[in-house]
Structure formats: C-alpha cells, structure tokens
Amino acid sequence: MATAYIIGLGRSGIAAARLLKIQGWEVILSDRAHSPNLEITQQELGQEGITVKLADHPSLIDSNLPNLIVVSPGVPWDVNFLQEARDRGIDVIGELELAWRSLQSSPWVGITGTNGKTTTTALVAAIFQASGLNAPSCGNIGYAACELALSQTKTKASSFDWIIAEVSSYQIESSRELAPKIGIWTTFTPDHLSRHKTLDNYYAIKASLLRRCELQIFNGDDPYLHQVGLHQWADAYWTTVKGKEHLLCDAAKGVYLQDNWIVAFGELIAPLNLFKMVGVHNQQNLLMAVGAARLAGIEKGAIAQAIATFKGVPHRLELITNIDGIDFINDSKATNYDAAEVGLVSVNASVILIAGGEAKEGDDRRWIEQIKAKVATVLLIGEAATAFAQRLQQSNYEAYEIVETMDNAVKRGLELAKKQQAKVVLLSPACASFDQYQSFEHRGDHFRQLCQALKE
C-alpha cells in the first residue's frame, strides 16, 4: 500500500488525511505541536485508521520513504525536510493541489493577491450561488479544499458547477498543476517577504498561477499591476473604478464604473448604489467578481440580486455595533500596512484607531499619512506597540497611548471617542495576530465580544 505523509494537523491536513485514506493510502499525519486537544484528535483519527504523530520532527529513512508528502499552507516550502524529499524524487504537494487532483473536472475560479482576496472570493461565490450554481468557496472562507473533494468522493455526487478558491502565495508554491479556468489578481504589494525573500520572488509565485489560468482578470487600479500591465498580460481582462478612459484594455474586455453604474464588457450590469460595502477597494473587488460572473455566463439579474444582498465578510471593515452614536468596526484582517491604510481611507469620520500585534516588514509611510489625516488617537496593543509608538513620534504624531491588550483598547476607545467626538473606533492592526492570538479571526472575534459586552 502506498504511504502518504501529511504535515500539519489543522483543518486542511485532517481533510487531506481523510481524503487519502478513502482513496486507499496508508496515511501518517505529523505535527510539531502537542496538547491535550491534539491528543483527542489523534485518538479520533486513529479510529479511522489514520496514524497521528505529535511533537514530531519528520525525517527521511531509506527503508520507509513515503510515496507522497502533503504540506499544509503554514509550512515553509523550503525547509530542509521538504527540499530533501523533492531531491529524492518524492511527490511533495500542498493540500490545495491534492484537492485539485480530485476536483479538476469542475471549472475553478482562482483568486489571489496581497489584499482583497477574501472579499473578492466571497463576492464571486455569492454571485455564482445566487444564479443557482453549485459553487462552493474554499480557502480562508468556506471549506478546506480537500473537504470539498472528500464530500464529492463520499457521496459520489456529480461534479460541482464551479469551485471558487482563494489561493495564497504559500498555496501557489505547493500547487504546480493547479490551473483555474478564471484567474483573478486583486492587488500586489510587499507582504510575506520573511518567507519569499524578495518582491520579485513573490511576484513570480503569484504570476505562475495566473499564467496557468485560461482567462485572467486584473485590478487595473493597483499601481504595481497597472505598471506591468499590458506588456506582460496582453490578453487579460482589466477593471477600473475610474471610468472607461482609464481601462488598460478595450472596453469589450473591461469592467468599470461609469456614471455610478457597473459596466462589464460594454454592457450595463447594475447601479453601484445596490452595493452596500464601504471603500473604493471594495468597489474594485466587486468589479473583478462581476467580470468573473459574466465570463462564466451568469445573467445580469442574478448579479444585481447578489450585489444587493451581499453583507460583506467578517473581520474586513465589519460593523459590529453602535454605542452612543459611535461605530465599532472590526478590520482584523488588515495584517499589513497597505490593508490598514485602506481601512482608514474607507472610513469617512474621525477615528480612534486600535493598532499593533506582530509587526511585518513593509513601507508604513502612507499608513502614517492616513493616521495623521484621520485619527484622533492611536491605541497601541501587542508586541509592536513600543516600535509603533517610536515610529509615530518620529513622524511628529504624538496622539497615541500604549494600552497593551484588546480589553484595555476597547474600553479606552469608547472613553476617548466620547471625549474627542470621534465617530468610529476602528480595529485595523497593520500587524499579524500571533503574538496574542491564534489567528486574525480569533483577534476579531475577541474584539466583537468586547464591543458587544460594552453595549450591554
């Protein structure tokens, strides 16, 4: 029996293990961590015939080499163990690639980019589903991709009409055959450089996915993508919120805003006022989603209906509550400077900003410009608080307080908003969450709980 070794005991890894088990593989699941909860999972999977090794540091032993290694998205692609496995000719792939091998009879929409991926994925899925298509989403929202493959294998169901996949740079690295029918590239700015080393590397990884797609849609309002533009992507479809004259392509291949209408490939689709999400960046996301829908043959009426009923995505400029006329907004997904800058641009009022966490590399200057223009006080939390305070001071901005925790920040945020007549308390951290939380979702959920408790 062929042996598969899966690294990472998260949702993706467990789904991959179950899929391979059903397909007749001997499956070993490995994780570096060890905890009582993981021991429970170990026992449950053991009953399904899946071996789980905890506190495990895998090595390649000649007498017992696996035929396949499946890597979860959080595992660096260039660690020695995986490099050695590839050198020895072992098939090393990511969880998404494993799912693709089972699901490639369905057409995929693959959405990638530094920021905007998740909202665009949610919009595409909402529009496709509103038209009656069986089009589940996978990635950061919806299912793990292997969960979709598993459900189809178990039920022997017919193929999905479409699969809508959010694809990170980590997943592209480990998915050499993944080839969506429609590819969307939302934005491109420096991020994940601790893993990808250089901007050129990061761009090349993203571009490799788009080159395998049959049809490509690009955000023409993104400065970097606009710059590489037509000389690299001559056959692509382009979007812009700035009007037809700003398209990088012929209007017949463009999706754009004109006189507050959404226009796709020269045809009026829907009035923009149907769309309730704030921010120009969300209008950009919408245009890419509409482009994908029209390329998939979806009718205008279904698109308009989905736009009108779309409520947004948790942790992305999510309005939590209003207390005494002050909006509390959760933008926990803003894990870098560019996303946090967009969060501030999207709010048309004086702001109390909660920022900080585990800092990332990047250029913070435009973010700080927005702070100076919009923010009454910055409340700093987490590991980056001291460094952020110094950076703000260097920029001649002194209206900040180091409050350390989210509990302190939410309480203090309400006090200061009342005192300074700010209309919004915004969590938009510009940082990863791992210093204090398991994920940006965990951080955003905690913010939501604290806001709701404050209202009560």
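A Cβ is built for glycine as well, from the same backbone N, Cα and C atoms used for every other residue.
Sequence annotations record features per position, and here Swiss-Prot assigns ATP binding site to Gly113, Thr114, Asn115, Gly116, Lys117, Thr118, Thr119. DSSP assigns Thr118 (ATP binding site) to a helix.
Note: the ATP site is recorded as Gly113, Thr114, Asn115, Gly116, Lys117, Thr118, Thr119; in the same chain, Ile111, Thr120, Thr186, Thr187, Asn285 also have Cβ atoms within 8 Å of that site's Cβ centroid. Taking the Cβ of Thr119 (ATP binding site) as reference, residues of its chain lying under 8 Å away and at least six apart in sequence are, in sequence order, Met277, Asn282, Asn285, Gly312, Val313, Arg316.
Sequence-distant neighbours of Gly116 (ATP binding site) (same chain, 6+ residues apart, CB-CB distance under 8 A): Thr186, Thr187, Asn219, His281, Gln284, Asn285. Spatially close to Gly113 (ATP binding site) yet at least six residues away along the chain are Thr120, Ile184, Trp185, Thr186, Thr187, Phe188, Lys206, Asn219, judged by Cβ distances under 8 angstroms.
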